[in-house]
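Residues or ranges marked as active site, thioimidate intermediate in Swiss-Prot (evidence: sequence analysis): 174. For 203-226, the entry in Swiss-Prot reads NADP(+) binding site, with the evidence type sequence analysis.
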């Protein structure tokens with residue numbers, strides 16, 4: 001198995017067949033809906049909130065609402081669907097979550113997407129929760145994770161998951177690899193490639209995305225959707241506290257298993273950092289789309305599928321030519 005990560009790989013260009021990159025289509029069918037970009041903000045408290053979820057849905061972008069406001073999930077589903085927007089929520093695997101799924105069915109609420117969101121998703125608990133959701137809400141598109149192996153992908157798909165989320169601790173505010181010795185940090189792109197060999201359904205690449213080019217690389221190696229945390233953090237609309245340090249504005253960004261999210265120092269696998277203020281999300285999404293259109297034009301195609309067919313080289317950390325922040 002080849003081991004590499006995002007900064008180790010360069011994609012090789014093909015002959016361009018478009019007059020302008022604006023001809024390139026970045027949209028993706030994911031579950032019951034089509035979205036403008038194969039990108040989803042991380043379902044973290046410092047990245048996503050209800051107001052942003054509404055904005056993303058209105059503008060044809062995929063989102064996943066985090067699971068840290070358990071009481072607010074049913075009102076959120078009702079509000080989104082009353083507005084004619086899709087509902088995409090997260091659940092855990094504790095006993096009360098089984099009751100929650102049952103309650104949704106009893107109330108006739110059918111969120112279009114449910115993500116089962118735990119750090120180590122290759123587990124009987126996740127498999128049982130997939131079956132619970134599919135039993136009570138058979139039409140809901142179920143995303144399950146996180147996993148880092150082909151065996152994990154295969155087992156969750158076989159249990160009924162419609163998509164899997166791949167990545168164990170490669171994110172900027174995740175310290176799983178340091179705290180536990182396990183994870184896909186440092187070889188996340190190779191893990192996506194490895195898992196894609198077993199996947200029969202869509203995969204979400206989750207974590208380790210540092211540049212827009214990494215989105216194209218994720219798709220090349222098998223992802224249908226790419227989850228982004230730090231690149232979406234610290235915008236004007238982002239949740240999180242704004243602070244001024246040395247005359248510059250920053251926003252806090254912390255991991256979902258950090259003590260800042262948990263409110264206690266127990267089983268901590270996340271940390272907190274401050275990210276420089278970046279302007280508006282709309283501007284970032286526009287730039288992301290334009291960069292991905294350029295990627296497609298370099299791939300010699302007109303849509304995302306062309307990215308899957310390009311060749312690549314492994315260059316071992318040299319793509320920055322020593323010029324790194």
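Sequential numbering from 1, following the chain as shown.
Glycine too: its Cβ is placed from the backbone N, Cα and C atoms.
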Cβ neighbour count (within 10 Å, all chains shown) around residue 212 (NADP(+) binding site): 19
Secondary-structure category, per DSSP, in which residue 206 (NADP(+) binding site) falls: strand
Other CB atoms within 10 A, centred on residue 203 (NADP(+) binding site): 27
C-beta crowding around residue 218 (NADP(+) binding site), within 10 angstroms: 30
Least surrounded among the binding-site residues, given as 206, 221, when other CB atoms within 10 Å are counted: 221
Nearest-integer angstrom distance between the alpha carbons (Cα) of residue 206 (NADP(+) binding site) and residue 174 (active site, thioimidate intermediate): 12
